[in-house]
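Asks: Quick one: this structure, given as structure tokens, is what I'll be asking you about.
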Amino acid sequence: ISFHRHPRVDSSLKMRNHTMVTEFILLGIPETEGLETVFFFLFSSFYLCTLLGNVLILTAIISSSRLHTPMYFFLGNLSMFDLGFSSTTVPKMLFYLSGQSQGISFQGCVSQLLFYHFLGCTECFLYTVMAYDRFVAICYPLRYMVIMNHRVCAILATGTWMGGCVHAIILTSLTFQLSYCASNEVDYYFCDIPAVLPLACGDTSLAQRVGFTNVGLLSLICFSLILVSYTRIGISISKIHSAEGRQRAFSTCSAHITAILCAYGPVIIIYLQPNPSALLRAIIQILNNLVTPMLNPLIYSLRNKDVKSALRSAFHMKGFAVENKRKT
């Protein structure tokens with residue numbers, strides 16, 4: 001008598017023979033051995049500038065009633081995003097660049113991937129909303145405050161964060177519903193889908209297809225809407241008779257376009273290119289994760305007279321309060 005073992009039982013027994021992964025090892029930035037100390041000081045300075053610049057922007061917007069407008073409301077959201085986005089990957093990277101452990105727990109890897117895609121998707125939506133805000137301000141200046149009222153701004157901001165949350169939950173669930181029971185070495189400096197999926201034991205085709213389609217489709221839709229907004233803005237600017245008015249409108253738009261190019265370039269190269277090199281992928285994502293959040297305060301606001309005036313007033317009031325406290 002011959003007994004045939006059920007394929008599900010075979011599969012179950014094979015899984016038991018493997019040890020399930022409870023920790024991943026981040027191998028770091030590819031092809032940079034021996035440069036850890038240099039990168040540690042370089043990235044530390046970038047990260048501190050990112051924190052300082054975005055905290056200053058938030059301080060200015062919160063403290064000055066003159067900046068309680070739709071444009072600065074969305075800039076405040078962008079600053080919060082930049083603080084969170086850079087803090088998702090950079091502290092752990094600096095930790096192991098300083099010679100500490102390169103390990104990250106399974107739960108920590110899940111959290112890193114979740115927040116990275118949550119904040120990354122939110123960025124795409126937020127840039128689209130900011131393009132719409134500039135479109136209304138330049139094309140319908142007399143109705144701007146009526147169209148972009150407090151309720152509309154709150155709905156748009158909430159929608160960007162909720163949309164990013166749904167996107168991240170879908171991708172994270174598809175990635176980590178798979179079993180990880182083989183190698184635990186992530187050949188990258190943080191947990192991202194292209195680096196983690198090759199370590200899975202099961203079939204990764206669904207997660208890969210949904211991940212690339214989802215990221216690519218959302219980026220394409222958002223970028224298309226931004227192009228439509230700026231096409232309309234360009235037509236409106238060309239109709240402005242005053243040279244000063246054209247220059248002011250173009251200055252506002254050029255800052256936003258610069259930030260968009262910095263944000264969308266990495267997404268296009270990493271997710272829509274068939275086989276980008278590991279080093280190129282790492283450099284571009286460091287640009288996206290660390291350099292762009294550092295530059296955004298300079299691109300958008302720190303060169304703005306209203307922001308500088310609000311910061312001076314905020315620090316003057318702070319110094320005046322401290323001086324009065326000492327006298328009493």
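The backbone N, Cα and C atoms fix where each Cβ goes, and this holds for glycine too.
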Asks: Looking at the candidate ranges 74-94, 179-199, report the one that TrEMBL labels transmembrane segment.
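Replies: Transmembrane segment, as annotated by TrEMBL, spans 74-94.
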Asks: Rank 38-62, 114-132, 215-237, 278-302 by Cβ pairs under 8 Å to the transmembrane segment (152-170) and hand me the top one.
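Replies: Against the transmembrane segment (152-170), the leading stretch is 114-132.
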Asks: Taking a Cβ cut-off under 8 Å, which residues six or more beyond the ends of the transmembrane segment (74-94) line up next to it in the same chain?
Replies: 26, 28, 40, 43-44, 47, 50-51, 54-55, 57-58, 61-62, 104, 112, 115-116, 119-120, 122-123, 126, 129-130, 133, 153, 156-157, 160, 189-190, 289-290, 292-294, 296-297, 300-301
Asks: Which one of these stretches, 38-62, 114-132, 278-302, has the most C-beta pairs shorter than 8 Å to the transmembrane segment (215-237)?
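Replies: Looking at each of 38-62, 114-132, 278-302 in turn, the most contacts to the transmembrane segment (215-237) are made by 114-132.
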